[in-house]
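Visitor: Can you read through this structure? Questions will come right after.
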Amino acid sequence: MQTLQTTSLRVADNQLFILDQQALPQEKRWLDASTVEALVGHIHALRVRGAPLIGLSASLLLALLAESGHRRDELAIALETLRAARPTAVNLMNNLDRMKQALRQEDFVPALAAEALRLIDEDKQLCDDIARAGSALVKPGSRLLTHCNTGGLATAGTGTALGVIARAYAQGNVQNVWVDETRPLLQGGRLTAWELGELGVPYQLITDSMAASLMAKGLVDAVWVGADRIAANGDVANKIGTYSLAVLAKFHGIPFYVAAPQTTLDPHCPNGDAIPIEQRAAGEVTGVAGSFGAVQWAPENAQVYNPAFDVTPAALISGWVLDSGVVTPEDVAKGVFRTEAA
């Protein structure tokens, strides 16, 4: 396969490398991800993360394994193992469905490579399309609040919600970005803050519990988040804490937008209750670990509830910004997401 480079993915010498997102921002470190075991381990450890990026990394790995001589039956097993790596992220399922079609072709080796590269190119384009559609909703002088990380670290392109923010800033319409630290793994404080700094976008880092105070003081004009899965009724699964922001935004009369590619839609999932929610390790809540070391602050025997995602009901969402354009609550009520199954 040809040499390839995105913010978080690299293909060189027929090997796949991922940018270790657990090491950022203290260290920029590339890790080998050229086996199924390695990539699944990186996904579980969130060294590679973001729904679009997970799907793209799995697709690239399958193509590279095919080129290295793996048989069709071996690739089919690898595909199913990768599919199970992150159950909430539907982009992974959608991308691998396309790779499965390529695997069925007689000349499957070049077909897999072509499909993986096509997915990369499509992701870059849809990020641009999302940014174009979403930035039109950002008014001059906006103070925006965002959660988790939805930029180039999570995609092959400029990002989803963060791509909208970056484009709106380039157009002169963003005054400031409030960045939720995003407990427990601090994707906002570590990754989004780093990306905005690299882009030169003014931001202020806050703890998750400060959002309500900011909204009450009139310091937030809109909330922008990404999505790991969008159900047919418009419910959205995203990083834990998203639902809280949506409730707060609704109470304070602040627009709440979800930016995501069409690959995040799951028209076969009727509503948020049907979305599987990944439960993660207690250690993520009882302490913190990173390239700086590890600290535990909770008692050794503390019992922990640690879902990676929550579900935001469609009734709390002002608009879904896709690469195909802006979808309104009225559109969703008419079943626009359900028709995607046709």
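Every residue, even glycine, has its Cβ placed from backbone N, Cα and C.
Relevant sequence annotations retrieved from Swiss-Prot are reproduced here:
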type: ACT_SITE; residues: Asp228; note: active site, proton donor
type: BINDING; residues: Arg49, Gly50, Ala51, Arg86, Gln187, Asn238, Lys239; note: substrate binding site
type: SITE; residues: Cys148; note: site 'Transition state stabilizer'
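A description of the local structural setting of each listed feature is requested, covering burial, neighbours and distances.
Guide: Long-range Cβ proximity for Asp228 (active site, proton donor), meaning a same-chain Cβ under 8 A and a gap of 6 or more residues, is found for Ala51, Thr88, Ala89, Val90, Asn91, Ala237, Asn238, Lys239, Thr264, Phe309. Asp228 (active site, proton donor) falls within neither a helix nor a strand when secondary structure is assigned with DSSP, and so counts as coil.
DSSP assigns Lys239 (substrate binding site) to a strand.
In the three-state DSSP scheme, Cys148 (site 'Transition state stabilizer') is classed as coil.
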Visitor: Quick one: which residues besides Arg49, Gly50, Ala51, Arg86, Gln187, Asn238, Lys239 have a Cβ within 8 Å of the substrate site's Cβ centroid, in sequence order?
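Guide: Counting only non-site residues, the set is Ile54, Ala89, Cys148, Asn149, Ala154, Gly226, Asp228, Ala308.
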Visitor: Which residues does Cys148 (site 'Transition state stabilizer') neighbour through Cβ under 8 Å, counting only same-chain ones at least six apart?
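Guide: Cys148 (site 'Transition state stabilizer') has long-range Cβ partners Asp180, Thr182, Gln187, Gly188, Thr192, Val225, Gly226, Asn238, Lys239, Gly241, Thr242.
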Visitor: If I restrict to non-local contacts, at least six residues apart, and a C-beta distance under 8 angstroms, what lies near Gly50 (substrate binding site) in its own chain?
Guide: Ser8, Asn149, Thr150, Leu153, Ala154, Thr155, Gly226
Visitor: Measuring CB to CB from Arg49 (substrate binding site), give everything in the same chain under 8 Å that is also at least six residues away in sequence.
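Guide: Arg49 (substrate binding site) has long-range Cβ partners Gln21, Ile43, Asn149, Leu153, Ala154, Gln187.
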Visitor: Within a 10 Å radius of its Cβ, which of these binding-site residues (Gln187, Asn238) has the fewest neighbouring Cβ atoms?
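Guide: Looking at the binding-site residues Gln187, Asn238, the Cβ with the fewest others within 10 Å is that of Gln187.
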